[in-house]
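Listed features, source TrEMBL:
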BINDING   His136  Zn(2+) binding site
TRANSMEM  83-103  transmembrane segment
TRANSMEM  115-139  transmembrane segment
TRANSMEM  154-174  transmembrane segment
TRANSMEM  181-201  transmembrane segment
TRANSMEM  213-233  transmembrane segment
TRANSMEM  245-268  transmembrane segment
Amino acid sequence: MSLRRTPPECNGHFKQPSPCQSGAGNLGLHGLVAPSKLLFFHEIPSWQQDNEFILSGYRPTSGSVWISVASLLYVNNQTINTYSHLIGAVIFALLPFYFYYYVFNLPPNAENVDLLVICIYSYGVAVCFAFSSTFHLLWNHSQNFAKFCNKLDYVGILVLMWGAGIPTIYYGFFCNPRLQVLYWSTTSGAALCCAVFTLSPRFGSPQFRHWRASFYAAFGLSSVVFVAHGLTLHGWELQKTRMSLIWMVWMATANLTGAAIYAARVLYLA
């Protein structure tokens with residue numbers, strides 16, 4: 001699929017949006033909610049040109065959080081990304097209440113810590129989805145906003161990975177409190193370091209490239225370490241239930257498959 005040739009007057013510059021598109025002037029609700037037109041790929045600024053296979057449906061640069069949020073009310077090329085993550089965030093934010101009323105109160109030996117680790121996992125997923133939805137929703141605000149929201153998107157992934165590790169460690173080392181504390185500490189420390197590297201402009205510079213790679217690798221491998229340690233101590237039959245290892249394998253398979261499809265952009269080339 002080829003792109004349309006960029007008109008000479010747009011070469012090196014994006015087409016200046018009309019007052020209705022940019023939010024300038026006295027607009028009223030209709031002007032804020034629905035721009036007079038969505039833009040093509042060649043009409044948007046270079047910092048928004050992330051995927052050359054998506055040719056249309058782009059929102060004009062808004063410069064306003066409200067105008068970007070108002071795009072929830074009309075269809076654009078970020079609508080599915082925004083709503084799918086937003087709905088997921090709401091579902092996982094409400095999930096602990098369902099767990100408390102319909103699951104937690106049933107077993108006679110349930111403890112408050114069971115509810116706590118489930119809440120950590122559920123709200124970790126909710127934060128990840130919420131940050132991702134925010135990124136897709138506010139992407140068209142400005143270049144600086146887009147950069148910051150992109151960092152939030154990565155931090156959300158870190159929060160999800162950290163939140164998924166906490167209950168896995170708790171149940172995997174249910175009879176080993178010291179190992180629980182050890183792996184909680186190392187996982188939390190690695191996640192915190194990765195978040196600092198992600199958000200800090202200083203640590204985002206090229207000279208810290210090796211440090212960033214090291215911390216992200218350590219954080220990713222930390223789950224492999226505690227799963228392997230649990231298997232060594234207690235064996236497959238016990239740990240596959242405690243750590244939900246079958247589901248973990250399916251989750252890893254789905255994540256890796258999705259990442260490969262995203263990186264190769266298979267769907268756009270089909």
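Each Cβ is built from the backbone N, Cα and C atoms, and glycine gets one as well.
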*What parts of the chain pack near the transmembrane segment (154-174), using Cβ distances under 8 Å and only residues at least 6 beyond its ends?*
113, 117-118, 120-125, 127-132, 180, 183-184, 187-188, 191, 194-195, 198-199, 219-220, 222-223, 226-227, 230, 233, 239, 242-244, 248
*When you measure from the Cβ of His136 (Zn(2+) binding site), how many other Cβ atoms are you left with inside 10 Å?*
21
